[in-house]
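Peer 1: As listed in TrEMBL for this protein:
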BINDING   Tyr37, Tyr168, Gln172, Asp175, Gln190  L-tyrosine binding site
MOTIF     251-255  motif ''KMSKS' region'
BINDING   Lys254  ATP binding site
Amino acid sequence: MDIEKRMELIGRKPTEELLTAENLRHLLEVGVPMQHYIGFEISGYIHLGTGLMAGAKIADLQKAGIKTRIFLADWHSWINDKLGGDLEVIQKVALSYFKEGMKQSIKVMGGDPDKVEFVLASEILEKGDYWQTVIDISKNVTLARMMRSITIMGRQMGEAIDFAKLIYPAMQVADIYYQGVTIAHAGMDQRKAHVIAIEVAQKLKYHALEWKGEKLKPVALHHHLLLGLQEPPVWPIESEEQFKELKTQMKMSKSKPYSAVFIHDTPEEIKQKLRKAFCPAREVRYNPVLDWAEYIIFREEPTEFTIHRPAKFGGDVTYTTIEELKRDFAEGKLHPLDLKNAVAEYLIELLKPVRDYFERNPEPLELMREIKITR
Ligand SMILES: Nc1ncnc2c1ncn2[C@@H]1O[C@H](COP(=O)(O)OP(=O)(O)OP(=O)(O)O)[C@@H](O)[C@H]1O
Ligand SMILES: N[C@@H](Cc1ccc(O)cc1)C(=O)O
């Protein structure tokens, strides 16, 4: 496949940012063996943001001929007090519910789960020279910057934390170098770790990213953060600036279950959640239902998305691009309830193989239900 096509696949929706596209092109041109990774803490249920956005991009990367890897961040989850901070429970969930759930998510988004490598963080952290990389990185980053970076753990800047949480950002950067990652992938909320990774690239003494004598910078690929279903904390949102400030509170998050649809939700749960969703008429900008339509349904365009309506409300209507859908919605030609119902129907169908899987293999989900989910 030529480089243009590969660039297009890697850069298309849900990719929101590539740091940088020029560096990616360079790496593809010089022919470095490309290795992707995305890391996850192991905690609650997998929601559409995690499962489908990451799954879609993994599928694209595979099509672009890139080796994909999911990093099960068990130690990081322990540090961040997930699942009661019990490493054994975390590992059990990582290798059962989480691994299987992610495999199913990748499959429904068109990827090949058998080609994704799953690596448990403890497999590499237990090697002595991993810590050499952590120190090497830490020597090149100020304490103030590490303190600002704790947002990558879902923590607020200035929040009282134990000391282990300050080691976490350096570990996340070390994970990239230690695994020889050329494409570090995550949602937009992880960019602080990746910017550090890019900045230290030329300074590392151990496990730098090297190819034919050249020290390379990894590429950071950030996917769009799907909005949560809840009403924003401030409404109306007056500007893009204000939206940026509110974004982390507006994203779908597993610690706010009412904000999320989970990959194993029943059809009735999906319908109910969407019925309650925030979806103001004619509002096309900060509208989670349209956001989902854009990033899940219209990820590839043109596509056919039909909204079924009784004849008295205009009858069935089919859209092929998100722009057409948004235009009708903005003009009041499409009612929020009709949109919600159609998006719910689409998701019910899309997620059917995931539900079927967990019906045939209920143990991983049962294990999750038994565990008291913390954070
Ligand atoms: N709403 C979302 N849309 C797309 N990607 C997301 C979303 N939320 C999290 N991610 C991505 O999924 C990965 C795992 O994130 P994480 O485990 O922190 O999820 P979370 O739901 O935000 O959890 P928590 O509520 O505990 O903070 C990260 O790469 C993150 O950027
Ligand atoms: N910080 C990431 C998890 C993560 C941990 C280690 C990594 O190397 C990568 C990702 C999150 O909260 O979602």
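Glycine is no exception: its Cβ is also placed from the backbone N, Cα and C atoms.
Unlike curated records, TrEMBL annotations are generated automatically.
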Peer 1: State the residues, same chain only, that lie 6 or more residues beyond the ends of the motif ''KMSKS' region' (251-255) and have a CB under 8 A from a CB inside it; answer 'none' if no residue qualifies.
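Peer 2: For the motif ''KMSKS' region' (251-255), the list is 43-50, 154, 187, 189, 225-229, 261, 288, 375.
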Peer 1: Rounded to a whole angstrom, what is the C-alpha distance between Gln190 (L-tyrosine binding site) and Lys254 (ATP binding site)?
Peer 2: 16
Peer 1: Scan Tyr37, Tyr168, Gln172, Asp175 for binding-site residues whose C-beta lands under 6 Å from an atom of ligand 2 and note them, or write none.
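Peer 2: From Tyr37, Tyr168, Gln172, Asp175, counting a Cβ under 6 Å from ligand 2 as near, the near ones are Gln172, Asp175.
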Peer 1: Please list the binding-site residues from Tyr37, Tyr168, Asp175, Gln190, Lys254 whose Cβ falls under 6 Å of any atom in ligand 1.
Peer 2: Gln190, Lys254
Peer 1: Taking the Cβ of Tyr168 (L-tyrosine binding site) as the reference point, list residues of the same chain whose Cβ is under 8 angstroms away and which are at least six residues distant in sequence.
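Peer 2: In sequence order, the residues whose Cβ lies under 8 Å from that of Tyr168 (L-tyrosine binding site) (at least 6 apart) are His76, Ile79, Asn80, Ile150, Ile152, Met153.
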Peer 1: Looking only at the motif ''KMSKS' region' (251-255), report the model's average pLDDT.
Peer 2: 88
Peer 1: So, by DSSP, how many helix, strand and coil residues make up the motif ''KMSKS' region' (251-255)?
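Peer 2: Output for the motif ''KMSKS' region' (251-255) reads 0 helix, 1 strand, 4 coil.
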Peer 1: Any idea which of the binding-site residues Gln172, Gln190 has the thinnest Cβ neighbourhood at 10 Å?
Peer 2: Gln190
Peer 1: For Tyr37 (L-tyrosine binding site) and the residue listed as 'ATP binding site', determine the Cα separation and express it in whole Å.
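Peer 2: Their Cα atoms are separated by 21 Å.
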Peer 1: If you run the three-state DSSP split on Asp175 (L-tyrosine binding site), which class comes out?
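Peer 2: Its secondary structure by DSSP: helix.
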Peer 1: Could you give the maximum C-alpha to C-alpha distance in Å for the residues Tyr37, Tyr168, Gln172, Asp175, Gln190 that bind L-tyrosine per the record?
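Peer 2: Across Tyr37, Tyr168, Gln172, Asp175, Gln190, the widest Cα separation comes out at 17 Å.
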Peer 1: With every protein chain in view, what's the tally of Cβ atoms within 10 Å of the Cβ of Lys254 (ATP binding site), excluding that atom itself?
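Peer 2: Neighbour count, Cβ to Cβ under the 10 Å cut-off: 19.
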Peer 1: Counting Cβ neighbours within 10 Å across all chains shown, tell me which of the binding-site residues Tyr37, Asp175 comes out on top.
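Peer 2: Answer by Cβ density within 10 Å: Asp175.
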